[in-house]
Each structure stands twice: as structure tokens, then as C-alpha cells.
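Report on the structure given below.
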Amino acid sequence: MADSASESDTDGAGGNSSSSAAMQSSCSSTSGGGGGGGGGGGGGKSGGIVISPFRLEELTNRLASLQQENKVLKIELETYKLKCKALQEENRDLRKASVTIQARAEQEEEFISNTLFKKIQALQKEKETLAVNYEKEEEFLTNELSRKLMQLQHEKAELEQHLEQEQEFQVNKLMKKIKKLENDTISKQLTLEQLRREKIDLENTLEQEQEALVNRLWKRMDKLEAEKRILQEKLDQPVSAPPSPRDISMEIDSPENMMRHIRFLKNEVERLKKQLRAAQLQHSEKMAQYLEEERHMREENLRLQRKLQREMERREALCRQLSESESSLEMDDERYFNEMSAQGLRPRTVSSPIPYTPSPSSSRPISPGLSYASHTVGFTPPTSLTRAGMSYYNSPGLHVQHMGTSHGITRPSPRRSNSPDKFKRPTPPPSPNTQTPVQPPPPPPPPPMQPTVPSAATSQPTPSQHSAHPSSQP
């Protein structure tokens, strides 16, 4: 491009110089013709062109201006030539630089491609190493998980046995306490009935004694009235009509024996009142003591029932957790087996206790603790030890069958037991009050509360007290 521009500049400069030369020649021819014409005119004016001085001066000026322009154009031509040479040099340098840059770019590209190829090879080696490490880690994790699963199953069986023994002990203890409470309640009810009967007997006895005393007093009053009338007759006094015993007032003087008997009756009434108050106080204290004991027994029974419920909930939560862990392990094993089957039965280590039959061409190590055979292999975990010999939980077993020479193994078929994945509650011993075999019997109802009225229910009169009544009477 620089060469073509320089050539066009040189061509333009040559054209301008040729045009200026043509103009100069034309001007000179015109000036010569003018001179010749002048000469001819001077000679004979035969037919030449007459140029006026003004026109001649104008042409002279024009010629001078054209010469000046020609000089300017020559100077510009020289400058353009210099520029063209500089551009040609610059173009040459740019070509050299482009060649150098292209060679350097090729070298850098080759270096980058070599570096990337080395990195790709290193990544491939690292990938192979990671694959080997992953297989080793997977095999280690599988063996570790199988070992932990077996350990969990053993711990589960031990926990089931321990929990069952503890639950049986708690149930027996609770049943003993319930029977003891029932016996105490029955004995207290019998004691209460006996006290009630004794109270009624004491009330009847007291009423009979009071009636006997009143009758005896009336008889003595009648006797005294008769003696009074006899004395009045002896003293020849007019006998007044005998007053009614109910009209006798305290103002009438009584004999000394009547006063003594009245004092005795008052003392007897005071003594019986004291005995009645003491019996009522003793009865209230015993009833409060019985109520307090019954409240303590109810609280103890409720606390034991709550403790039993917490133990049962903890056992059920533990069973659920164990069953969930086993089911998750089964699902992982089944998914892994399906992936292995889809990939062409590549031999891998499998987690115990699910047996797996590898292909005959397998050369990888097999996880220890697994038994392989060509016939049907089934794993059944140890059943939980129960009191009645029943298995409350059966873990699922996977069976692998031999299908001939075409395939070494088939897809395992998970088979779950029909028994629920929970522990059943142990059957407590039958209670005398209830027939429900699952739940413990409810606490016995409280004895009927008797209104605390002033009575002599708890005081049992001694033979000396009963014998004191006839002996103390005059």
C-alpha cells in the first residue's frame, strides 16, 4: 500500500511537471508568435494577431504565477518522495515485525500445547490414582459398615434382652405394689366398717345406759314422794296432791341420796363426753393418716407408671432407629447391586450380611466374613430373645440364587417379615381386679369418705368401763 501510494505520488508529480512544461511551451509559443506578429506587423501587417500590452502583461503575470506554482509543486513532490521512502521503510519494518511476531506466536502456541498435553497426562494419571483410591476406600467403608451392622445387631439383641428383663422386673414390682395397695385398701375398708359398727354399738349402749339411769331416777323420785306422803300423814298434815314428776323444780329440797346420785350422773356424763371427744380425735387422726398413706401410694403408683411409660417409649424409639438404619443399609445395598447389574456385573465387595457370588474370573479380594456358594444363600439375623419365645422383630434377608453358567448371580429380592418392625409389649401377670393383659390394672378406687361427726366410733369400751356403770351406781 505504501509503494502504490508513493508511485501515485510520483506519477502525480510527473503529471504536474509535464503540464507546467506544456504551459510554459504554449506561453513561449504565444509570446514568440506575438513577437513575430509584431515584427510582421511592423514589417507589413500581413495578417498576424495583435496582442495588446495589457494582455501581454497579464500573460506575463500568469506565467510568473505558474512558474511559482511549479516550484511549489516541485517542493511538494520532493516532500512526498521523502514521505514515500519513509513509508516504504516503515512498511518493510512492519513486515519484518509481523514475521517475527508470527514466529513467536507459533513458538508460544507450541509451548502452550506441549504444556497442556503434559497437564492432561498428569490429570489422567491422577484420575486413575483417584479411581483406585476410591475403590479401596469404598471397599474399606463397605467392610466397616458391615462390621458396624453386625455389631449393631448384637447390641440390639442384648438391649432387647436387657430391656425385656428390666420391663418384666418393673411389671412384677408394680404388680406386687398394686396387690399390696389393694390388700391395704381392703383391710382399711374392713377396719372402717368395724369402727363404724363399734360406733353404732357404743351409741346404742350409751343410749340404753342413759335410759336406764333416767328410769332409775324416776323410780327413786316416786319412792321419795311416797315416803314424803307417809311422813306427812304421820305428822297429821294435810296431804297435798302428789305433783307430777315433770313439774318437780329444782327449788324443792331433795334428799341427800338424790343429790349424790345427780352428782354421779353429771360426772358420768362428763366422763362419757371426754371419751367421745378422745374417740373422735383418734378417729380423725387415723383417717388423716390413712388418707396420707393412700395419697403417697397413689403418687408412687403414678410415678412408677410414668417411669414404665418412659421406658417403653425409649425402647420403641431405639427399635425404630435400629429398623431405620437397617432399612437404609438395605436400600443402599439394593441400589448398589442394581447399578452393578446395569454395568455388566462388575465384581465388587458387598456389605455383609447380604451374600454375593462373584464371577469366576474375579481376581479382587473379597470382604471377610461372607460365605459364597453356588446355591441359594440366605441370611437371617439372630431373633430377639423374648419371654414367650416369639420373635418380635425379624430383619429382612436377601437371597441370591444361582441361575446357571450364563450369569453368576441374579438380582436380590428383599423379603420382609410379616411381623411389625416394633417390639410388642410384654404381657403382665393377670390382676385380680382386671382382665386386660396388655395394660397394667388401674389403681383401686379410694374408700368412701365418711363425714366426720362427733361419735364414739373408734373407742372400744373395755370391760372395766362397762363394769363401772353398775358398780358406781348407789
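Cβ coordinates are placed from backbone N, Cα and C, and glycine is handled just like the others.
The annotation N-acetylalanine is assigned in Swiss-Prot to Ala2.
When other Cβ atoms within 10 Å of the Cβ of Ser52 (phosphoserine) are tallied across all protein chains shown, the result is 8. What Swiss-Prot records for Ser52 (among others) is phosphoserine, and it gives a large-scale study or a structure entry as the kind of evidence.
Annotation comment: Swiss-Prot describes 106-235 as region '5 X 29 AA tandem repeats'.
Residues annotated as repeat '3' in Swiss-Prot: 164-192.
What Swiss-Prot lists as repeat '4' is 193-206.
Feature annotation from Swiss-Prot assigns phosphoserine to Ser240 (among others).
Per Swiss-Prot, phosphoserine is recorded for Ser249 (among others).
Sequence annotations record features per position, and here Swiss-Prot assigns phosphoserine to Ser254 (among others) based on a large-scale study or a structure entry.
Its Cβ placed at the centre, Ser284 (phosphoserine) has 12 other Cβ atoms within 10 Å. As annotated by Swiss-Prot, phosphoserine applies to Ser284 (among others), with the evidence given as a large-scale study or a structure entry.
Classification of Ser323 (phosphoserine) by DSSP places it within a helix. For Ser323 (among others), the entry in Swiss-Prot reads phosphoserine, with the evidence type a large-scale study or a structure entry.
Residues or ranges marked as phosphothreonine in Swiss-Prot (evidence: a large-scale study or a structure entry): Thr349.
The phosphoserine annotation in Swiss-Prot covers Ser363 (among others) and rests on a large-scale study or a structure entry.
According to Swiss-Prot, the feature phosphoserine maps to Ser367 (among others), an assignment based on a large-scale study or a structure entry.
Per Swiss-Prot, phosphoserine is recorded for Ser395 (among others).
According to Swiss-Prot, the feature phosphoserine maps to Ser413 (among others).
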Could you measure between Ser52 (phosphoserine) and Ser323 (phosphoserine) for me? Cα positions, answer in whole angstrom.
-> 134
In angstrom units, rounded to an integer, how far apart are the Cα atoms of Ser284 (phosphoserine) and Ser323 (phosphoserine)?
-> 58
Mind checking how the region '5 X 29 AA tandem repeats' (106-235) divides into helix, strand and coil residues in DSSP?
-> 129 helix, 0 strand, 1 coil
Within 10 Å of the Cβ of Ser323 (phosphoserine), how many other Cβ atoms are there?
-> 17
